[in-house]
Amino acid sequence: MMTPSQWKDDICTSQLAMVACAIFLLLPIFSPVVFATGLESHRNLQVPFVQPEDLGFLPQRSPQGHEFALRHIFHHGTYQYPLLHKRLDVNPETKIWVASEDGAKLEFSPHFRVSSQPSQIQRLTDRRVQVMEARLSAARTPEVFSTLSPPVWTIDELPGPNISDKTTVLNLAKMTANAYIMEPGAERWEDVSGPFNQSLSFGWEKDGLRGHIYADQTNSTIIIALKGTSAALFDGDETTTNDKINDNLFFSCCCGQGGQYFWRQVCDCYSSAYTCNSTCLVSALVTENRYYRASLDLYANVTDIYPNSTVWLAGHSLGGAVSSLLGLTYGLPVVTFEGVPEALPASRLGLPVPPGTDPNTPQAREYTGAYHFGHTADPVYMGTCNGATSFCTLAGYAMESACHTGQRCVYDTVGDLGWRVGIGTHRILNVISDVIERYEDVPTCVPDTECRDCALWKFFESNGSHPIPPSSSTTSPTRTRTSTCETPGWWGCLDKTTTTGTTTNVITTSTSTCKTPGWFGCKDPTTTSSVPSATPSPTPIITSISMPTPTSTTCETPGWFGGCNDPPTTATSKPNSSSPSTSTTCTRPGFFWGCWDPTSSSETPTAAFSSTATHTSCASKTWFGRSCTTPAPR
């Protein structure tokens, strides 16, 4: 008797029999009889689906081509007009002038050919706008978010950009370059939300997030290209001020604080050295006038116009980072060019995270459908534009993030072309003409799972009532001390210590008047005076020393370290004798000491008991009192 396997081997031998055998083997999969048996227990039965690629005799699916054209331009206000949302429809016959980020005019290409290929993305099954908004709002409140049921995740296979095709990558880059377009003409902007017509307000075009909507011929695929950071260096030109605020919110460890001197501070969440309030950071990021909030509203309005279309996202620089955050939120294919590393803000926005993934390291997440193109000479893309003398720092940008979500597609322009790292290579026009068009092939995309942002920083959470928590107080179960310091110092309090108590002390009062001060004390003879106090004390001992001959010494020129530099003066008393009196005046003193004048003397007879006195005086003394420059008149 033949076994089933032997029967199958004998039947499926010829070529015609192989086709018939394959159809027979696929019948259990496509036939409803196997699944609809009528029993309740069979309803939850899961049978693995065999992909057509796994069958060797079926052809592989080739990338499909799409031809995209500009259909709409959306503008969402962020700072001056946070409720502003306008739409400009572009007709095929509309003439559009495109200006690049550096002001150069470009010839507008009405059509862009892009190919697609299947892409696997892990995302939520329920991605309705109202459901996602509720989850994002609850994620900012841990108490509410913890009570929600776990969302249902799935890995969907949907058409995405063919990142291995050079033409596709090049045209997507051109779409992001065209996203820097100014107002294309005199067409009328329509209000998307709200009854307020703010089009008459001057300057609204320079405030907000601008996205360009491209659609293929069948409207089956939509591409949203978001505008990135303006090229102006300082404030006041285009949307540079707003872009700088968002850049420092998104890509710095703590709002541009605790780093370089020129970084623009955009919030007050810094607590101490390398310590930051993460609750304050999240609150600053999700405010309604920020770009991420504007991108969510823009996506909601685009999907309202095209509810059944597949949406792709593209962007350059800040626009690329915002596109990536939006793609992580809704599970959309994303292609960015020279995008700022966005894993850091992705970990702070409360984005939905699949089970088994660390929310603090979104760069380790798989099946994101995000691809970030860039080259090694761009310090913004590589995450190195944060030194003290870097262009970003001098312009006020705090670019501390270095990790990308999804996969990185890096052109090694430093190694292959010998480029030097510089901010000038960040512009999208340079990337298009000097990088993408110059290379024959596109680089291989790889994930960046081992990267870490802000490794030296510590982040803590607060209740959200204060941007910076008050000073903490430390209590001990064995000792409690309360003190108020009015003069804090570097290593403690500088206030004087006050002690309350009853003590009995012996009071000793010393009064001294120094007539001859020296460098390290007084040179006067020591005089001691003792005043007895009321407290009993030992009997004082007073010692008096009587000199046989009193001597009085007066020093006019004290020395540096003690002693006297005056010339010696001698007084001698001799009874029953008389001697002449001699007076000497030096008019030519020596260089160091002595006198070069001839010796002169005057004799004056005196009475008995007289003495010989010699007086030498000097008005100006130099070299520590050893020489005389100006003799004093006598």
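Cβ coordinates come from backbone N, Cα and C, glycine included.
Taken from Swiss-Prot, the feature topological domain 'Cytoplasmic' applies to 1-15, supported by similarity to another entry.
For 16-36, the entry in Swiss-Prot reads transmembrane segment.
Mean pLDDT for the topological domain 'Lumenal' (37-634) in the predicted structure: 72. Summarising the annotation, Swiss-Prot assigns topological domain 'Lumenal' to 37-634 and lists similarity to another entry as the type of evidence.
Sequence annotations record features per position, and here Swiss-Prot assigns N-linked glycosylation site to Asn162 (among others). In the three-state DSSP assignment, the secondary structure recorded for Asn162 (N-linked glycosylation site) is coil.
As annotated by Swiss-Prot, N-linked glycosylation site applies to Asn197 (among others), with the evidence given as sequence analysis.
What Swiss-Prot records for Asn219 (among others) is N-linked glycosylation site. Same-chain residues at least 6 positions away in sequence with a Cβ under 8 Å from that of Asn219 (N-linked glycosylation site) are, in sequence order, Tyr306, Ser309.
DSSP assigns Asn277 (N-linked glycosylation site) to a strand in the three-state reduction. Annotated N-linked glycosylation site per Swiss-Prot: Asn277 (among others), in sequence order, evidence recorded as sequence analysis.
According to Swiss-Prot, the feature N-linked glycosylation site maps to Asn301 (among others). For Asn301 (N-linked glycosylation site), other Cβ atoms within 10 Å of its Cβ number 18. DSSP classifies Asn301 (N-linked glycosylation site) as helix under the three-state reduction.
As annotated by Swiss-Prot, N-linked glycosylation site applies to Asn308 (among others), with the evidence given as sequence analysis. In this chain, none of the residues that are 6 or more apart from Asn308 (N-linked glycosylation site) has a CB less than 8 Å from its CB. Under the three-state DSSP scheme, Asn308 (N-linked glycosylation site) falls in the coil class.
The N-linked glycosylation site annotation in Swiss-Prot covers Asn463 (among others).
Among the features that Swiss-Prot reports, region 'Disordered' is placed at 526-552.
Under the heading N-linked glycosylation site, Swiss-Prot lists Asn576 (among others), citing sequence analysis as support.
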What's the most sparsely packed of the glycosylation sites Asn162, Asn277, counting other C-beta atoms within 10 A? Asn162
